[in-house]
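Single-structure report; data block below.
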Amino acid sequence: MPFKQQALLRQKLFVLGSLAIGSLLYLVARVGSLDRLQPICPIESRVAPHLPEQFPLRTLQYKRGILHELRKGNATKEQIRLHSLVQQLPRAIIIGVRKGGTRALLEMLNLHPAVVKASQEIHFFDNDQNYARGIDWYREKMPFSFPHQITIEKSPAYFITEEVPERIFKMNSSIKLLIIVREPTTRAVSDYTQVLEGKERKNKTYHKFEKLAIDANTCEVNTKYKAVRTSIYTKHLERWLKYFPVEQFHIVDGDRLITDPLPELQLVERFLNLPSRISQYNLYFNATRGFYCLRFNIVFNKCLAGSKGRIHPEVDPAVLAKLRRFFHPFNQKFYQITGRTFNWP
């Protein structure tokens, strides 16, 4: 083949190849933007400003990028002013229960474009020193958000601390309260496991669970042991009900959130009067970790820290059976108060 014809052929192939690559890149970009073309419905709330009827997800994702820059400390005061960013007091709080799945619940709710989470546990209402700093100090600990969004924080110590219900009531008597619970005996062992791991990291010894959970003198369940006491859910809830009606609480099944999270999250969306936006696309099972991870979009995924899903130590089956018998009447009362029944023994 003459040299000129070869050059012409190579030029044509180069043009065709460029067109093919350009088409492929367009298709990838198009697929990645499909979910961003759906509108956001208005949030029904007494407090928040009304959302526009058409609020494109592309706009919300752009705004989430601004919020991300704020969290990194990269946004300017001009950007804050320009986008009407504010630090809002929470309109919902995950008040407990410790080792019930509070972190997982908060991270999963943060998938919703109308939710902004406080990254750290603030411990405002259960810590006297923090509470004395005042409500403005608390507000400054909240993330920046857009006026239509709701801020959620979680501090599981709130549920079991006596002063907290009254303090939260004084801040906002109509606030929505989320409580995530697990089977009480399993939760108590999980609580013990976390403390045990902390002791082992410091090369300290710690009693076996059986010795802490059972009173050696009476051979009965030791209700002075905090891990046991925390699992008596109805005792703590009754204190909260002195200030808030039961309708302001939503009980989340922490065991189900591990195995089948979407139905639980959809119930929370309805409780918070949020449009349904979290879908199965946002949740995928990670076989290596053994639980669900989060998919925010086509490029950003997130799994919870490796400390989640710790392996529990072996516990004497007789002790577990004794604990389950002990918790049973408290569980029945908890079902009656909340209107939600669980398959706990």
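We number each residue from 1, going along the chain as drawn.
Using N, Cα and C of the backbone, Cβ positions are placed for all residues, glycine too.
For C293, the partner cysteine in a disulfide bond according to TrEMBL, taken from C219, C303, is C303. Set side by side, the recorded positions K99, R103, R310, H312 differ in how many other CB atoms lie within 10 angstroms of their CB, and the most is found at K99. Nearest in space to K99 (active site, for sulfotransferase activity), taking C-alpha to C-alpha distance over the recorded positions S190, C293, C303, R310, H312, is S190. C303 (disulfide bond) counts 15 other C-beta atoms within 10 Å of its own C-beta, drawing on all protein chains shown.
For S190 (3'-phosphoadenylyl sulfate binding site), applying a Cβ distance below 8 Å and a minimum sequence separation of six or more within one chain yields K99, R182, R310, H312.
Proximity of C293 (disulfide bond) to non-local residues of its own chain (separation of 6 or more, Cβ distance below 8 Å) is seen for L283, Y284, F285, N286, N301, K302, C303, L304, given in sequence order.
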